[in-house]
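Chemist: Before anything else, here's the structure in question.
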């Protein structure tokens, strides 16, 4: 989000066909919950297209990219790295430290979200291995809770620019408005 | 969770094949983040099996069930109903009211998570239609953030009984211990 140093979400591993929706949901969750950028392996072209399309329609700023070398992104990252894993330290124990590195020291943050088995060098490269519970559940759920806690809910109030449409919160029913008039950004 | 009135999560709609993983992740997220029960449509047998198997291995209490009539569960629910939808009221605006109904008035809570298009009667049956952002992202992410906020993080400290194994939080690496000796329930 604009007021914070960059938060990028790296999806590590992607099995075409099988992982399409999960990778797409990782990207859409990153966008909706305050990350600035999602990076997918380059065999995840379909997920990339979906996330880019949603950003076109519902606004940004948000970038989605493909990379031929996710490991190089980790190796060369100039900032701190969080790896979300059910084997990691408890999020409630380390979130304060991570928030402080990100908000106060202004370190950009790379959040790594694995698909299948993650190799040991990723555990070693991470500044924090973090478990959103130490239970098996969903990388999408883990990412969502982590981002909501990192930003302490401020991501829910972020504004969107360059959107074609905007959903108006409603008690009952659906309301979508065209957003071309007043919130088109630069 | 034991100290609170029941929270059940209903997955509404399931397309076999296409939705298998999403429905499984809804169930596993419900379990990991403090719900007491997940209910799937009866064509989601494979997801049911996966969630039951994880509960056997990693502990409970947690129930997963199939129903032939999700709409009847909604109709006959004796408590309050939350429907998670990107068209709903902002979670940050209504979570206090929902928490108070659940914690103070001790109303059991049914959390409805749709797959595809949800029919209008569900919007009407819900006491609250709630958006975890009004952006398109992931029903799994929405459920995760909703539960974490409902329980104000207390679900992260819950204990598991009747588990075969337990993951020990680690700074680096993986450690799984057998849990048969000391945490087997009663």
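Every residue gets a Cβ built from N, Cα and C, even glycine.
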Chemist: For the S-adenosyl-L-methionine site that TrEMBL lists with A:114, A:115, A:116, A:117, A:118, give the additional residue from the candidates A:84, A:143, A:147.
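Modeler: Given A:114, A:115, A:116, A:117, A:118 bind S-adenosyl-L-methionine in TrEMBL, the matching entry from A:84, A:143, A:147 is A:84.
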Chemist: Hey, of the binding-site residues listed (A:84, A:115, A:118), which one tops the CB count within 10 A?
Modeler: A:84
Chemist: Including all protein chains shown, what's the count of other C-beta atoms within 10 A of the C-beta of residue A:114 (S-adenosyl-L-methionine binding site)?
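Modeler: Around residue A:114 (S-adenosyl-L-methionine binding site), other Cβ atoms within 10 Å: 16.
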Chemist: Looking at the binding-site residues A:116, A:117, which sits with the largest number of other Cβ atoms within 10 Å of its Cβ?
Modeler: A:116
Chemist: Would you mind pulling the DSSP three-state label for residue A:117 (S-adenosyl-L-methionine binding site)?
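Modeler: Looking at the DSSP assignment, residue A:117 (S-adenosyl-L-methionine binding site) belongs to neither helix nor strand, so coil.
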